[in-house]
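Comments concern the structure below.
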Ligand code: GDP
Ligand code: IMO
Ligand code: MG
């Protein structure tokens, strides 16, 4: 079982960092395949807490090679500050590999992200402001800058010129901003070249050779299924494919190589930024989930919107990703509720709907249909096996599994590495 994909089954922040880190000790490679430093993955090891944005969570496991795949967008200044931060804490980062085909988030991409959001006003996406969308837009428009371009100054200059041509028109004439100078951008980008050089590799070749040698490769998704550009709640999405197929294109590994796809699923739901969210709570329960679950963005510090578990979404995630397993996280946060509502279907314009509607209009009208499951009050953070959980917590997990369409193979009962109940081994 050499290649596993681990991805978010909801709107991100499900606990992917913790889950990846947990497996990191037993895998040879951990690969980020999409997104960039819009991600915020928290890993807690003993009394140490790490917030990773661009680096794969496997960077914290000494035996593991972390890889930034071709599908990722890289802001070199963020990468360096993340590496410096880890080095200062004694983490060895020398094994990192970065695809030469990964696109660079340039300073003008960050500027365009911010001014576009401001321009959208009430209709804004609520992006992380890290330049993600504009960088992917440049990639698709074929005016992107790749890591490998840093090693040919003449090509780099021509490419930055091509990218800035239209953007400067837009910045000056539409957004009333100053034009950005080609020379300044080229100079900044070139200043990153030497430090990046030792990490740059043909990661497609490396990963495929590793798989041929039966090495274990784990693909770590950023964001989540409902933030996917194709399968998410468009346009309130990120500009890449966090879903399972993204691992193939974003790392250059064929689908026949993927043996397991694990969906990380929070025992309730959260979302950051704008967009529809049927089970969102605006009451004390929402505040309590936010407080107890520590639901504050790792990247932007924004409060996360909170709501009850949505089984319609979980089923959808199973379908579009071909999930083989779920890792249910943050079950401990639900301790103390007498009854826990779970959304089993939607009501849309008076009709009961069991599956996620494909129409954006319908989804915006979806009202949750709840079933109420009995809660528990016992502390579950020390539980080591499924049978250690109180009966009602066991039943909650079994009910979610039944509704979601794939086995729940692990349960998180706290943020720490060891606060996990393993039911079926992932390896
Ligand atoms: P990611 O983006 O999917 O990696 O998730 P984040 O790190 O943004 O958010 C998940 C938060 O939940 C982090 O603060 C984790 O430390 C924490 N966490 C992960 N699993 C559990 C769990 O099972 N229980 C509790 N209480 N916290 C958890
Ligand atoms: P992790 O990996 C939660 C959201 C933003 C915004 C939308 C588009 O930690 O789960 P972008 O900057 O990507 O163009 O913003 O996507 N978003 C996330 N929400 N967790 C994330 O990452 C996210 N990355 C982006 O809030 O709504
Ligand atoms: Mg996060």
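Please read every residue number as a count from 1 along the shown chain.
Including glycine, each Cβ sits where the backbone N, Cα and C put it.
Of the residues 158, 213, 223, TrEMBL puts just one in the IMP site with 13, 14, 15, 16, 38, 39, 40, 41, 128, 142, 238, 302: 223. Neighbour counts were taken at the CB atom with a 10 A radius for the binding-site residues 12, 15, 40, 301; the maximum falls on 12. Under the DSSP three-state reduction, residue 41 (active site, proton donor) is assigned to strand. For residue 331 (GTP binding site), the same-chain residues 6+ apart in sequence whose C-beta sits under 8 angstroms from its C-beta are 267, 380, 389, 393, 396, 397, 411, 412, 413.
Taking the Cβ of residue 128 (IMP binding site) as reference, residues of its chain lying under 8 Å away and at least six apart in sequence are, in sequence order, 37, 38, 273, 299, 300.
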